[in-house]
Every structure is written in structure tokens, then in C-alpha cells.
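If you check TrEMBL, you get these features:
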- 1-19: signal peptide (SIGNAL)
- 230-675: domain 'Peptidase S53' (DOMAIN)
- 307: active site, charge relay system (ACT_SITE)
- 311: active site, charge relay system (ACT_SITE)
- 593: active site, charge relay system (ACT_SITE)
- 634, 635, 653, 655: Ca(2+) binding site (BINDING)
């Protein structure tokens, strides 16, 4: 704990603290690796940010329910960006009270900037004025491990009448952004140790035997005879009765999120030529590069590992002539490191919503340099510009096949980010994410070899929830497969394969559609009936616990999953034996990474049909899916084992393996067109 002297307290008083100031934040413990240095020069101009507490965080969920529930009279009445800002913004009285305090304290009006989302005040003022405002002393703090220097303090105070309205200030107990930075390994820069956390699909080169046709398929069209061994766009269309695309209204471009993996033009052209000849050679996604993001790369690039190739292949083949918009996130230094080491969505959301750059919720405000990239990036080849805020309009439908273990991020960091996905839903956007691929476990080494967790006396047997799969305002997609010697007209199973070979990751033994229950988020309103039916009729029989707010009691009472959590996936689609060119080599891809863009493409086609009759986008999809489960094909075979147990099983109705099931385009179309 920090020690205080009478002299230090006297200095604070001399700094001009008003008698009505009260302690607002205090650091209780020293921070490892951070050493306090010199006091900031009094005339140094520093960026001060005052975060105001947001209102109506709970009301946002209520509003989303009204907008997205099919039986609501407000269905489809999506909000504008300004309306969303106003919903969560502090009251005018709070804003004016803080502004009055700043003015009365001698801060000139031209130095007081109120943020776009109304949740921040920004001041660039001399250090001595900042110290006086907050009755504190500001120092340099250096991280001896990585060479960062930031500005901060051990405690500060605010006027008593404003304490309940101010979330926090920076630079304060929460340090400023770096004021200088050494070039270090990315894994060290973001807190030292990180595990792999990317829903990267498994890739296997095709052997000659894979071209053999299964028996009894001669009655099928040639392009459907081999779907149990080689899945192509024709197979996907037949499986889910998806018609060819016929519209290309620019408002319905489909968005793809990519980070650190880059497509190769040669790969996608080969795919179109071989498996989607209706797509002209040279067809490319529209690039929306974020913070130095770029594409394409050479087919031989070390950063061309197939995720972007297959996402673009699937989406373009299914929706053409509609276009794809590629959100390529982060520069060539941060991006690949995030795929291999850590991976978050904050810079992506910053670029879609400028207010999110400084948005305050759940005690978190703005990007966190412990987890998020910091720009400008001084590393060789790094992006030298400022972080991009609000530079792109989000597509109506966005698919992302990236994620990580939920427990690797702080609960409030995750809640703030999930709240932003809710805001996108309020505005009519649909977000799909893949559920991951290791059954009830996580990524290899996160935290154990099979991606399973320990706690409360249990060793590597606790199921490992995925993020953002557990965010209730996202539609999470699991995976299915066509069984050996079956056809597109036979029932699918959940995706489950032993892909292990000597020297490969042990988690490939349990390569299966991931599913389970969040430790951070409770079951949302739209899912409660489905979960109640599941536990009543198909209780998995495993011991469980009731997670607390931060998920810190996992394993309590011998439980291996959170009985109260938001269940995932919501739905599923094919995720096995997709043939894709990567690095100019034809191979099989497996994983929920394939399934998310399939659903993204189908929803884009459905939105196009609504546009054609003068209706708006469907928006947040989950309440519709859970209200009309008959519009999906239920998957009742398969499971997702790991962590020393059988995991969960696919059963009648919703289950934490394949969700509600796979799409039936004609049935979904009838639902979409009937809704307001």
C-alpha cells in the first residue's frame, strides 16, 4: 500500500483542494513493474479526461427487447446513432454541473470539450491546473519490464456534489496513454504472457482419396454427389435451399471482420474459378482498413492462413452480385500478434462508432492498453496515425470468426464491449460470431493443454466459456457436418472430428462445435424458455455451479458449468470438409469459422428481399429465431466432449452444441417477409 507523509498531504492541500472535495479513487496496492518517477512539470500540457457515469444501461436491454421481439408493436423501429447516444448519456443537469465546476475553477470555456457521446469532458490543460482540480499530484510512472512511461497518481478527489456523477478521471489511478514507448515483443507489451486465442479453422491438404465419390449418389446432380467428402457452395445452397443472389443494393453489403489474417487474391480467384464460376474473376471485397489494416497479401505470405480466404469465398459465392465489405483490423504489427496471442474487438468498434473510443460503462472507459493496441504504433511497419474513431458505417450484417476464452478478459471489460454490440442491435445491425471448435473446452494451453479450467479443488475439468459467444446481443453460430456416405438431403450431425496427428495440438482430438454457458452473462429474456425446456427434458447430468458477477467462483460445489449463464450457440451451419484454396493449395477446412459467414450470407439475402418490398433490416436476430424455431432444422445427433467429460449432446430443441439448428431459407424467408 502507498505510504503518505504529512508533507505530501500538505502539498495536496496547497494545490488548491476545495474544502468540499472528497476522495474519489485510491490505489490500494503497488502495481508490479511500475516505478514512480518525477513529478510532472507544472506547465506541461496534459490530456485530462473526465468520464461521467452513464445512465440507462439496463434500459438499453428493455429497448432492444421492444425493437426486436416479433410480437412487439415497436418491432423494427430501430434507433438512430444520436438516439442511442441520448439514451445512455448523462442527464443535462449532470453535464451542466460538471461544466460549471470546471468554469468556476478557472478553466476557460474554449478548453472544455464535451464528447460526441456526451459521456466525457476532455481538457488539455497545464499539469498544475489538473492537480488543483483533483487535489492531487501527478507523476511519471515507468513500467520497468517494457519501457512504457505514463502519467498517473495514487489518489485524487472530486467535489462532493459531483462524486456520484463522475466515473473516474485520467490521468489518475488509471494511467494515461503512453507518453513514450519502447519497441518490444507484443506478448510482453500487453502484460507479458498470452495464450493463443483465435477461432482459426483446421486445414488439411486434400489427398487423392478425398476425391472418391461415396456410394449411391449417382441419382444426384454432379455438383452434389461428393458433398459428404468435399463441401462446396453448391452443397451449401442445396443443404439450406438457398437461391442464387439476385439483388445488389449497396445498403445490404455484407461485412466481414478480419484481424491479423489476410486473404490472397490468387486464392479467391482459384476458388471462384473452380467452385463458384458465377463470380467473375477479379471480384474483390471493398476494403475498410482500420488502424493500418490492409489486404490482400501474396498467397505465400506467412499471414495468409485461410481464415480470410474462406470467409470471402463463402460470403461472395452465396450473395453475389451483392458485395462484401472487409473490415481489416489493426496494422501489420498488432494484427498478426493478436491472432497468435490476444484478440479483441475494441479498435473495430472504435472505427464503427466514434463515441466508443471514449465510452464509459461498468467502470471501464475507452480502450485498455493492457489488452488493446495503442496508436500511433512506433514499431517498424506500424501504423503511425491516430486511432481511428467513427470512420466507417457498420454493415447491416457482420460476420466474425474470432474470439477467445471468456475468462482471459476482465468481466467489466467484456461487459462494456458487449454493451456496444447491444447498441449496434438497437440500430438494426446483425452480428454473427463463431462459437469456437474445442467442444466444452477452449484453445490449447488456455489454461491447460486441452483448454479446460481449474478451480475450487477441480483440476482441468471445468468447462471453458468462449467470448464473444457469451455476449447476449450477438448471434453465436455452432457447426454441423454431413455424415460419411450421406448426402445433402440427409440429416446433419453436429461437427465433431478427431483431427489429431502426432505433433499437433492435443485439442484437435476434441475438434467439435463449441458450446456451453457464459460465466459473465446471465441467460437473456429471449432464451429463458428454451433453456428451461432443455434442462427439464434433457438435463446433461453434470454437476454445475451458479457463477457470481465476476465468474470468480467457477467450480463451486464441484460444478463444471454455470447453470445460470447465457447459453450458446444460438444456431449452427455446416463446418466440416469445406474445400478452399489457401497458399494456392486446395484443402479441407473444418470449424465454426465456416458456419458464421454462411449465416451472415443467408441473412444478407433475406434482408435484400425485405429491402425489395420496402422494409428495413431485420436487426438483432435472436428473439426472432427463438420465437420461430420451426424455421430451422433441428440437429439431434452429436456432442462436444472435452475436459474429461462427454460435454453436451445435441438433442431435440435448443442445445449447447448446435443451438436451435441449421437454416431453412424458404421458412426463414416467410418469417422475414411477414414481419413489419
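For all residues, glycine too, the Cβ spot is worked out from N, Cα and C.
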Query raised in the report: Whole-number Å distance between the CA of residue 634 (Ca(2+) binding site) and the CA of residue 307 (active site, charge relay system)?
Result: 27
**Report entry** Between residue 635 (Ca(2+) binding site) and residue 593 (active site, charge relay system), the C-alpha gap once rounded to whole angstrom
**Finding:** 19
Query raised in the report: Quick one: mean pLDDT on the domain 'Peptidase S53' (230-675)?
Result: 94
Query raised in the report: Rounded to an integer, what is the Cα-Cα distance in Å between residue 655 (Ca(2+) binding site) and residue 307 (active site, charge relay system)?
Result: 27
Query raised in the report: Could you state the CA-to-CA distance between residue 653 (Ca(2+) binding site) and residue 307 (active site, charge relay system) to the nearest Å?
Result: 31
Report task. Starting from the Cβ centroid of 634, 635, 653, 655, the recorded Ca(2+) site, name every other residue in that chain with its Cβ within 8 Å, sequence order please. Result -> 636, 650, 651, 652, 654, 657, 658, 659, 660, 661
Query - residue 635 (Ca(2+) binding site) CB neighbourhood, other CB atoms within 10 A - result: 27
Query raised in the report: Under a three-state reduction of DSSP output, how is residue 655 (Ca(2+) binding site) classified: helix, strand, or coil?
Result: strand
Query raised in the report: How many whole Å apart are the CA atoms of residue 593 (active site, charge relay system) and residue 311 (active site, charge relay system)?
Result: 8
Query raised in the report: Given the recorded positions 307, 311, 634, 655, which one has the fewest other C-beta atoms within 10 angstroms of its C-beta?
Result: 634
